[in-house]
Ligand code: MF3
Ligand code: CO
Ligand code: CO
């Protein structure tokens, strides 16, 4: 993956990515009010699939990757509590007050992928769950703000890791952000831990995700027998937030941020 060439997008392509990114963000907005005690993760999946089809788009996770003997079987990832990522929506999984759930959506719109996720609190979360989710969202923003002209990919992970660990949490190693565009997972890899000044240099037109997974306990993960669901080894909580961004000449543009959600 790292030997692959990093694509630099033209402004025409970036506008297509923006359209896909905004569609992904709107899908999360559409799902948010449904995230309540009593809903099943399959109901969230089916609502997402119907919404996506109604826009003439396709759910990239469904059947991903092409040609695999164990492709992802659903349209979105729903990762509850100790699930780190790639949770599979299921009719028997009913959300309970106190749960946290990451919903990760990737509509393929006019040939381009918009990849974004948020972790939602269900009902009344514990103070610890609430703090983990808040810290994880802040990790994403610190990672985004680390993208500066002349900087390097390692700056992102260094910023995220410093903050997460200062808060007493840990950074997942086994899953990373990624280049995204016509291809769902492309070069470069974007680790959420690491060293400032190391790694590939940022270039205007680079488009990639930043998607830190932050654990309450140890950073170790294991993948369940379904070969998708990644859980914390200690079964403590994990949270994640994700945006798709483009490097510009003076910083970064967040393609999956809705105008009404720009942080203060
Ligand atoms: N959306 C996930 C990501 O952020 C990837 C999901 S792959 C799937 O990279 F097959 F699990 F859907
Ligand atoms: Co991603
Ligand atoms: Co994603």
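Every residue, even glycine, has its Cβ placed from backbone N, Cα and C.
Keep in mind it's a predicted model, so treat the numbers as computed, not measured.
Taken from TrEMBL, the feature domain 'Peptidase M24' covers 15-248.
According to TrEMBL, the feature substrate binding site maps to 86, 185. Residue 86 (substrate binding site) carries neither a helix nor a strand DSSP state and counts as coil. Same-chain residues at least 6 positions away in sequence with a Cβ under 8 Å from that of residue 86 (substrate binding site) are, in sequence order, 72, 77, 79, 228, 229, 230.
Look at residue 104 (divalent metal cation 1 binding site): DSSP puts it in a strand. Just so you know, the Cβ of residue 104 (divalent metal cation 1 binding site) picks up 23 other Cβ atoms within 10 Å once every protein chain is counted. The annotation divalent metal cation 1 binding site is assigned in TrEMBL to 104, 115, 242.
The divalent metal cation 2 binding site feature in TrEMBL is assigned to 115, 178, 211, 242. Sequence-distant contacts of residue 242 (divalent metal cation 1 binding site), defined by Cβ-Cβ distance under 8 angstroms and a gap of at least six in the same chain, are 104, 115, 116, 117, 118, 140, 177, 209, 210, 211, 256.
Non-local neighbourhood of residue 178 (divalent metal cation 2 binding site): 185, 186, 187, 188, 189, 190, 208, 209, each in the same chain, at least six residues away, with C-beta under 8 Å from its C-beta. Close to ligand 3, meaning a Cβ under 6 Å from one of its atoms, are these of the binding-site residues 115, 178, 185, 242: 115, 242.
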